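> Structure in structure tokens, see below.
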Amino acid sequence: MSGWWQSLAEWLKSLFFNKEMELSLIGLQNAGKTSLVNVLATGNTTDTIPTVGFNMRKVTKGGVTMRVWDLGGQTRFRSMWERYCRGVQAIVYVVDSADLDSLDAAKEELHALLSKPSLAGIPLLVLGNKNDLPEALSANELITRLDLKAITDRETAVYSMSCRTQANLDVVIKWLSARSK
Ligand SMILES: Nc1nc2c(ncn2[C@@H]2O[C@H](COP(=O)(O)OP(=O)(O)OP(=O)(O)O)[C@@H](O)[C@H]2O)c(=O)[nH]1
Ligand SMILES: [Mg+2]
């Protein structure tokens, strides 16, 4: 199809069909990944239990259907992360920004994951969750603590947010929607 026809076809399709995307939620245990899926899907946080292995949830937001892989963050599940990140439109790395003791481990795991050749170029969204807690670090502080400036091989964004108060949730949805097809 010529470029012009392709654009027209895509525009017509966008009028009648949902856009779609697949994304993976990664991060240490207790960061708030399952809480994020719950708040995206239902508009509020419900009690969670630690994720064993992974769950897949379909969430539709503003005309975008998101297939969300919610991975377990405990050490024994981290070797699965790469498999569930292959081919996704975005990797969402969730951090408990108020748990200062966990940030070094969060940094190590993030950089180890991004070093996998199979994940080259996949856009990265880092979320500093739990910004309702007084000790939570800002987005700028997370850039330093997680050494995010060292990530130069892909599009990267960082937001401070809260699943509990839904602070910045709109910005997160906007960033994700912009990466749908
Ligand atoms: N204060 C506060 N607590 C939160 C927030 N988001 C999640 N939590 C709490 O953090 C705890 C862990 O949340 P989960 O969503 O289960 O964490 P997870 O990242 O899915 O953990 P794993 O499945 O073990 O990897 C729960 O007690 C949540 O209620 C938030 O924005 N603020
Ligand atoms: Mg979970």
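Note: Cβ is positioned from N, Cα and C throughout, glycine not excepted.
The following feature annotations were taken from TrEMBL:
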BINDING   Gly27, Leu28, Gln29, Asn30, Ala31, Gly32, Lys33, Thr34, Gly73, Asn129, Lys130, Asn131, Asp132  GTP binding site
BINDING   Thr34, Thr51  Mg(2+) binding site
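Could you place the listed features in the three-dimensional structure?
The number of other CB atoms found within 10 A of the CB of Lys33 (GTP binding site), across every protein chain shown, is 29.
Neighbours of Thr51 (Mg(2+) binding site), defined as other CB atoms within 10 A of its CB across all chains, total 18.
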> What binding-site residues in Gly27, Gln29, Lys33, Thr34, Thr51, Lys130 place CB under 6 Å from ligand 2?
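Going through Gly27, Gln29, Lys33, Thr34, Thr51, Lys130 in sequence order, those close to ligand 2 turn out to be Lys33, Thr34, Thr51.
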> For Ala31 (GTP binding site), what residues in its own chain, 6 or more apart in sequence, show a Cβ-Cβ distance under 8 Å?
Gly73, Val94, Val95, Asp96, Ala106, Asn129
> I want to verify one value. Collapsing DSSP to three states, which class is Lys33 (GTP binding site)?
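Once the DSSP labels are grouped into three classes, Lys33 (GTP binding site) ends up as helix.
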> When you measure from the Cβ of Gln29 (GTP binding site), which residues in the chain that are at least 6 apart have a Cβ under 8 Å away?
Pro50, Gly72, Gly73, Gln74
> Round to the nearest Å and give the CA-to-CA distance linking Thr34 (Mg(2+) binding site) with Gly27 (GTP binding site).
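Here the two Cα atoms are 11 Å apart.
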> Looking at GTP and its recorded binding residues Gly27, Leu28, Gln29, Asn30, Ala31, Gly32, Lys33, Thr34, Gly73, Asn129, Lys130, Asn131, Asp132, figure out the farthest C-alpha pair and report it in angstrom, whole number.
22
